[in-house]
Structure formats: structure tokens, C-alpha cells
Amino acid sequence: MAAAEPKPPAGAAAAGRLARGCWSAFWDYETPKVIVVKNRRLGVVYRSVQLLILLYFVWYVFIVQKSYQDSETGPESSVITKVKGITFSERKVWDVEEYVKPPEGGSVFSIITRIEVTPSQTLGTCPESVRVSNASCDTDEDCVAEQLDMLGSGLRTGRCVPYYQGSAKTCEVWGWCPVEDGASVSQFLGKMAPNFTILIKNSIHYPKFQFSKGNIEHRKDGYLRRCTFDEVSDPYCPIFKLGFIVEQAGENFTELAHTGGVIGVIINWDCDLDLSASKCNPKYSFRRLDPKHVPASSGYNFRFAKYYKVNGSATRTLIKAYGIRIDVIVHGQAGKFSLIPTIINLATALTSIGVGSFLCDWILLTFMNKNKVYSHKKFDKVCKPRRSSGSWPVTLALVLGQAPPPPCPCSADPGQSLAAPPPWPCPASAPSEQMADAPEQTVGPELCASEPSRQDSTLTDPRGLAQL
């Protein structure tokens with residue numbers, strides 16, 4: 001007698017059934033069930049949400065943001081500047097070569113409006129500045145020889161000497177003497193500075209769209225020699241007066257000339273390339289960039305020196321310059337119609353309209369008085385389909401409505417058993433569209449959760465199309 005084959009473990013059998021069930025469910029097709037609810041308030045909410053979403057996409061996304069266009073930000077840009085004008089101080093006349101730093105004419109430059117000059121500095125010994133920490137002293141013992149203070153003016157000699165004026169004493173240093181505080185003279189250059197003219201020549205290029213343009217009008221009649229910028233009458237004459245720039249930035253010119261500051265000239269090129277090139281025009285704006293309300297870092301100044309020889313000795317003039325620094329900043333964005341972003345945003349808009357259905361379903365199934373009725377109408381419990389023992393002609397006749405549908409073996413009584421498997425499968429779904437009245441209607445026993453809308457299937461699908 002042959003030995004019985006060992007049975008596989010129960011866990012392996014369960015895992016196999018689970019895998020087969022998942023594989024079978026993977027090929028199922030699901031379709032939503034449509035229910036029309038006759039409720040005015042819910043309908044108002046539904047249409048209002050759809051209208052808001054539609055207005056958002058039509059007005060903001062497509063009209064304001066122009067999301068139907070392919071865009072490019074940050075154009076390739078070049079800036080050339082040129083300053084003209086002449087001014088004077090208490091001691092001399094100043095021209096462009098002296099008060100513009102650096103002179104190359106780039107996008108960042110400074111116009112000197114006030115200077116503090118320390119003339120005739122030579123290498124030697126002199127008192128340290130009183131503004132340097134630990135520079136004050138009473139005796140030589142307070143000064144350490146060969147000590148170098150990184151914020152000081154030179155190398156300390158170890159002697160305590162009288163300061164330039166007054167009774168104070170500071171440590172002696174070896175360096176460029178006299179130090180800045182001891183002999184500096186202030187000169188103001190800002191009397192004529194508001195009338196300085198600044199030419200800002202700018203050209204941009206958008207490589208994605210092969211589009212280039214400049215901010216100067218192409219004319220051969222000497223137009224640039226006699227024009228100044230005006231947003232309305234001369235938008236393509238980029239010659240600005242320094243006083244106009246400071247005024248547009250909301251600053252007082254006299255105060256700014258004494259303390260110094262940084263002014264930004266922002267050129268914005270926002271171009272809709274679906275229109276003609278003449279509609280792509282630069283927009284200028286001006287604002288102060290440095291933090292003027294922070295005392296520790298307000299203003300703008302820098303130092304430079306001019307070197308020469310006197311009787312064979314190296315000599316220099318130290319200049320601490322206060323001025324107005326101009327930063328020319330160019331940015332922009334170009335857009336042109338493209339089919340891909342248009343399709344993407346249209347699909348997003350159509351998908352977002354479904355938010356109204358989600359919101360109304362949540363209200364319907366959560367807050368309505370007869371929410372269980374709506375839940376029963378929306379979610380059907382269908383019987384498990386069984387294999388039919390009939391032949392394919394009978395099945396085809398059933399599908400085409402030429403034969404009456406078989407009765408459903410589903411039972412409302414959970415204790416009732418079936419004597420034999422039914423010869424026909426039960427309806428797999430409810431009708432494609434049902435009418436659910438408002439919650440004021442009474443609910444009969446036929447709407448209980450254990451019966452899957454059998455009367456509705458019979459009334460709305462008399463030909464048995466639900467078998468599909």
C-alpha cells in the first residue's frame with residue numbers, strides 16, 4: 001500500500017490562495033457608479049466649488065500666470081555705464097576721472113560725494129589714533145614694544161607720546177604718519193552731483209527663444225546727445241540724472257552724499273513673445289540696497305591713496321571717500337506659447353474640478369440626515385459570481401436581452417443556506433445611473449444594507465444589461 005503524500009503546511013496554502021486572489025484582482029476593471037441626488041443646497045455647494053476652481057484656472061493660471069507658455073528666466077545680459085559731469089569742492093575742481101571709481105564703466109560703480117584727505121603721509125613714527133583699543137597710555141610701561149594691532153595704524157615702539165591735540169597720550173607707532181585722525185581734512189563734492197548724468201546701456205538675450213534686444217533706440221540724428229530718460233516720452237533714452245535716481249529711491253540727496261549709500265537700478269525685461277518685439281520694453285525701478293537704519297553698518301565709504309616722492313622720500317595722500325554706489329541689476333522673464341504646458345495645465349484644471357465631487361460626497365455621507373440611505377445607494381454589496389453551466393448561446397442571449405435574467409441567490413437572511421450553486425451569476429453591479437431622492441423621502445425595508453438594490457436593477461434595467 002503506497003504511503004500517503006504529505007500535505008503542504010496550512011500557511012503555505014493560505015499564502016498561495018492570497019497570491020492567486022491578488023493576481024486575479026489585478027485584472028479586474030472598476031467603474032464609478034453615478035447617483036443623482038435631488039438636493040438644492042448640495043447642488044449649490046457642488047456648482048460653487050466647480051465655479052471657483054474654474055475661475056482660478058482661467059483667470060489666475062492662464063491669464064495672470066500665462067501657464068500656457070514655455071518660459072525662460074534670467075536673460076543673458078551686458079551692462080555698460082558712463083558718467084558725465086563736473087563739480088568742485090573748497091579746494092579744487094573735480095572731473096569724471098577723479099570722482100568715479102572704478103573708471104571702467106561696469107554695472108557697479110561709485111560716485112564720490114565727500115572725502116576726508118590725510119595729505120603728505122610718510123613712513124615714520126607718530127602717535128596712534130585714539131580710536132584704536134588700548135592705544136591710550138600714561139607711561140611707557142603701558143605700551144608693549146613691537147606689538148602689532150590689526151586695527152591699528154602701525155607697529156608700536158613701546159613709547160607713550162602726546163597726542164596731536166589736547167592733553168591725551170597714546171602709544172607711538174611706526175607706519176604712515178600722521179595717522180588718519182590726526183591730520184585729515186574734509187571736502188564736500190556734492191554741490192553739483194545731482195546734475196551728473198549716467199548712461200546705462202543694456203542689452204539682453206533669451207537663448208531658448210533666440211530673442212535679443214537693447215534699451216537704446218536706434219536713431220542717427222544725435223538723439224542721445226539731447227535726451228534724458230522719461231518713462232512716457234523717452235523710454236529708450238537710458239540717460240539718468242543722479243538726483244533723479246536718488247529721488248526715485250526715496251532718499252534725501254544731501255544726507256546720502258554725506259554718509260554714502262548703495263542705490264540699485266533694477267531693469268526688468270518681462271517679454272510676451274507671442275506679441276511683437278516692440279511690446280517687449282524695459283521697466284526701470286530704483287531703491288536703496290544698504291540698511292540705512294542700522295547705525296553700525298549704514299552708509300558707504302572706502303579708502304585709496306595716491307603715491308608720489310618728495311625729496312626722494314616715499315609720500316602718499318590718503319583719501320577716505322564717501323559716495324553713492326550704483327548697482328545695475330538686470331532680470332526678467334520671457335514666455336511663448338507651447339503645447340506641452342498648455343496640455344499639462346488643462347489636464348490639471350479638469351482633474352481639480354473633481355474636488356467638488358469629493359467635497360460633496362463627504363458632506364453627503366457625513367452630515368446629511370439620511371446619510372445611511374445615500375451610503376447604501378452609492379456602495380453596493382454584490383454576490384460572488386459563480387460559473388454558469390449553460391452554453392454560450394444562452395449567455396449571449398442573456399447579454400442581448402433576449403432571455404430573462406436568472407434570479408439572484410443572495411439572501412437577506414445570513415442563516416439561510418443554499419441547497420445547490422446557482423446556475424447563473426448574480427448581477428455584478430448596480431445600474432450605471434440611479435436616482436436618489438432628497439432625504440425627505442421615507443426609507444422602506446428594501447433599502448437595507450444586506451440587499452443590493454434588487455428592485456432598482458429590475459426597474460431601470462429590464463433587459464438584463466447589468467449582467468455586463
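Note that the numbers count up from 1, one per residue, in the order the chain is shown.
Glycine is treated like the rest: Cβ placed from N, Cα and C.
In the disulfide annotation of TrEMBL, C171 is paired with C143 out of the candidates C126, C143.
For C177 (disulfide bond), the nearest of the binding-site residues V83, T197, F302 in terms of C-alpha separation is F302. Shown are the disulfide-bonded residues C227, C237; of these, the residue with the fewest other Cβ atoms within 10 Å is C227. Geometry remark: C227 (disulfide bond) versus T197 (ATP binding site), CA distance 11 Å. Within its own chain, C271 (disulfide bond) has Y206, F211, K213, K279, C280, G332, Q333, A334, G335 as residues 6 or more apart in sequence whose C-beta sits under 8 angstroms from its own.
C171 (disulfide bond) is 6 Å away from C137 (disulfide bond) when you measure Cα to Cα.
Between C237 (disulfide bond) and T197 (ATP binding site), the C-alpha separation comes to 12 Å. Taking Cα separation as the measure, K82 (ATP binding site) is nearest to N195 of the recorded positions C126, C143, C160, C171, N195. Of V83, K84, T197, N301, all annotated as binding-site residues, the residue with the shortest Cα distance to C171 (disulfide bond) is N301.
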